[in-house]
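A.B. asks: Copying in the features that TrEMBL gives for the protein in this structure:
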{"type": "DOMAIN", "residues": "1-426", "note": "domain 'Major facilitator superfamily (MFS) profile'"}
{"type": "TRANSMEM", "residues": "16-35", "note": "transmembrane segment"}
{"type": "TRANSMEM", "residues": "41-65", "note": "transmembrane segment"}
{"type": "TRANSMEM", "residues": "77-101", "note": "transmembrane segment"}
{"type": "TRANSMEM", "residues": "113-136", "note": "transmembrane segment"}
{"type": "TRANSMEM", "residues": "148-166", "note": "transmembrane segment"}
{"type": "TRANSMEM", "residues": "178-197", "note": "transmembrane segment"}
{"type": "TRANSMEM", "residues": "217-238", "note": "transmembrane segment"}
{"type": "TRANSMEM", "residues": "250-271", "note": "transmembrane segment"}
{"type": "TRANSMEM", "residues": "283-303", "note": "transmembrane segment"}
{"type": "TRANSMEM", "residues": "309-333", "note": "transmembrane segment"}
{"type": "TRANSMEM", "residues": "354-377", "note": "transmembrane segment"}
{"type": "TRANSMEM", "residues": "397-421", "note": "transmembrane segment"}
């Protein structure tokens, strides 16, 4: 849905699109909540509806903010919006883990522990937001007539869908599985290439990938993809380390990492305000440096590393992520003309989504292969169970260390990409200083 969001934001009124997306989100949550345990396909249908809604609302929020606030304040505005984007995935797993294991009362309503409550609570919130948006939301994004190119839609859905599905299967099937990994990835790449060629030939493209001709936008998008990959390297491995090596529950491992995510939520708006004064280059360079330095100690974690040490270092890394993510997101939107923001946002978010899927598959396979190589022989389990357990833990640690090292490489590459960015701020694709000179000459 993310590539399609540019067309939707350009074609349809903001209010109608926003309300419709939340209606779909509510419906998807209701379907998932009501799905019988024996009918997985109903549950899957609900999750697909939720994905469609989120694929619309996330890019729509960014484009709407660009049209609602002055460009000179966009860093601070996106920083505040980033708090929501950061806190949701930070609190979600921890809160979900608590809901699964605890009954609780809210006013006169008793919520039973279980997976259905995970959908019920957000469904109530989404329902309230839906009702409020009917009356409070207004049209803020300029619209224009735009013909839907059905072939582009088919190529986009088929290409990105197959590509991402192939990488998703790597974790379970390995890289050598033809039907579920190689064929979808290669076929998806070919279809994506055809999709891109079609967009370049169209006068009014479905997704204007010509925005990548703007050097600053391309570099910022690359830096954002690298920061996503560097962040995911630890985001994915740390919970496994805490649960498999330290023996923590999913809920308790979430609590260990929660302060780091809260730290990022504090840094994001502050970094956005700094961006409005100095631009993204220095923030990104420092942020990637902090991210890299904060990753190094993770490669030397042992089975006895204290949980509070994990919390401290994770918090340091998230400070770096906070200095990189929202300033670069703002910089990407400011690097293009205002009428291209919807297209740029869709392209940028698509690149980050692809990067996220690729790195998850890469790190999962690396960790699994290293763990398999270093796993002790099964005969040792019967002969010396304690020694087998110790060697198994050591094998898991080596797998996690290897995957974290790859995350460090992405952070280091990000430093060099950030150094290539233009200094200062840009608004609507032009440096602020150049716009000020033009204003004085009028």
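For all residues, glycine too, the Cβ spot is worked out from N, Cα and C.
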A.B. asks: State the mean pLDDT for the domain 'Major facilitator superfamily (MFS) profile' (1-426).
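C.D. replies: When the pLDDT values over the domain 'Major facilitator superfamily (MFS) profile' (1-426) are averaged, the result is 85.
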A.B. asks: Is it the case that the transmembrane segment (217-238) and the transmembrane segment (148-166) have 3 or more CB pairs under 8 Å, with pairs at least 6 apart in sequence?
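C.D. replies: Not in contact, no.
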A.B. asks: With pairs restricted to those 6 or more apart in sequence, evaluate whether the transmembrane segment (77-101) and the transmembrane segment (354-377) have 3+ C-beta pairs under 8 Å.
C.D. replies: no
A.B. asks: Does the transmembrane segment (283-303) make contact with the transmembrane segment (397-421) through 3 or more Cβ pairs under 8 Å, each pair 6 or more apart in sequence?
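C.D. replies: In contact, yes.
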A.B. asks: When you scan the chain for residues with a C-beta under 8 Å from the transmembrane segment (113-136), skipping those not six or more beyond its ends, what do you find?
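C.D. replies: Distal contacts: 15, 18-19, 22-23, 25-26, 29-30, 32-33, 46, 96, 99-103.
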A.B. asks: For the transmembrane segment (148-166), I need the partner stretch with the highest count of C-beta pairs below 8 angstroms, choosing only from 16-35, 178-197, 309-333, 354-377, 397-421.
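C.D. replies: So the stretch in question is 178-197.
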A.B. asks: Counting only residues 6 or more past its boundaries, what in the same chain has a CB within less than 8 Å of a CB in the transmembrane segment (16-35)?
C.D. replies: 8-9, 42-43, 45-54, 56-57, 60, 116, 119-120, 122-123, 126-127, 129-130, 133-134, 137
A.B. asks: Please indicate, using numbers and ranges, the residues of the same chain that are 6 or more beyond the transmembrane segment (309-333) and have a C-beta under 8 Å from a C-beta there.
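C.D. replies: Tertiary neighbours of the transmembrane segment (309-333) are 62, 66, 74-75, 78-79, 81-82, 86, 216-217, 220-221, 223-224, 227, 230-231, 234, 238, 242, 256-257, 259-261, 263-272, 274-275, 279-280, 283-284, 286-295, 297-298, 301, 341, 344-345, 348, 411, 414, 418, 421, 426.
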A.B. asks: Six or more residues out from either end of the transmembrane segment (397-421), which same-chain residues have a Cβ under 8 Å from its Cβ atoms?
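C.D. replies: For the transmembrane segment (397-421), the list is 216, 219-220, 222-223, 226-227, 229-234, 236-237, 240-241, 245, 280-281, 284-285, 287-289, 291-292, 295-296, 298-303, 320, 324, 331, 359, 362-364, 366-371, 374.
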